[in-house]
């Protein structure tokens, strides 16, 4: 009898080793991701639509191949409670994207996942989180950057050689004065599609927005605009920047920013997606509540900052710079600004304003 029991136990131990992956419990975690978005149709996966490749297609495939999730979880992402913090658009990169999901915590998990990812997508960090954590709902704010060649701010009446152009102090001050107009809560219905002026979800809160000092790469001068907000709608940041460029270049009046909060439709141009990068997502409330409870770590990534900086220098900035040089996305877009009819919206609004008076 003892022998029988012993044999059963040996068999059970062997089975457990054999199917260790199947048996190990799943845990809720977050992954810190960085990626260069060129050639991808955004972050979010469209199951069943294979012609538009997304970042999540490659991520899910790596999670399955490394043994973190069973294959059927790849088909139905709800099974692993998957949630991305931000849906980045087509061509947009990220240095600090966060996804939450349930995985088997296998040994050397980051190394194994990264082994199955292309080099321009990396998992840079992992932390355990509470069971009910959802990276989209628990996020208080998101910080994006937008890297652009400074000749975008050259006045339309000046003949500009792209490689020779350098941004002067007065123009940079004007850019920052205009960007500061976006701070606070405004109705951004004119900065996205499919939202009417009375849709409450078009109201968004912007905490900060500014353009940093310019720098030269590959003979072209670039600058980086930073924006931190609670949340952003599709194309919102690109349109916010597009409108400021149109004003600085002399295509539109400064008053158009103020007018765009109103109910009238304003023709707001959308800057190219190339320079946009999701820099960081913020979980301040979650960190206050769970960050020091002894069980969970705060969702801060100070130890990973160096890895993030290296990834940006290696993959994100060169992609933006080389694509700009080869495909001239900013130059081509700037040539379309003259087609936009900024005056009709302003004139229309002024007429309406008089009538209402």
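Placed from the backbone N, Cα and C atoms, the Cβ positions cover glycine too.
Taken from TrEMBL, the feature active site, nucleophile applies to 89.
The substrate binding site annotation in TrEMBL covers 144. On its own chain, residue 144 (substrate binding site) has 226, 227, 228, 232, 237, 276, 277, 278, 279 as residues at least 6 apart in sequence with a Cβ closer than 8 Å to its own Cβ.
Marked as compositional bias 'Basic residues' by TrEMBL: 1-11.
The annotation domain 'Pseudouridine synthase I TruA alpha/beta' is assigned in TrEMBL to 182-284. Mean per-residue pLDDT, taken over the domain 'Pseudouridine synthase I TruA alpha/beta' (182-284), amounts to 95.
Taken from TrEMBL, the feature region 'Disordered' covers 1-25.
Long-range neighbours of residue 89 (active site, nucleophile) (same chain, six or more residues apart, CB within less than 8 Å of its CB): 42, 234, 235, 273, 276.
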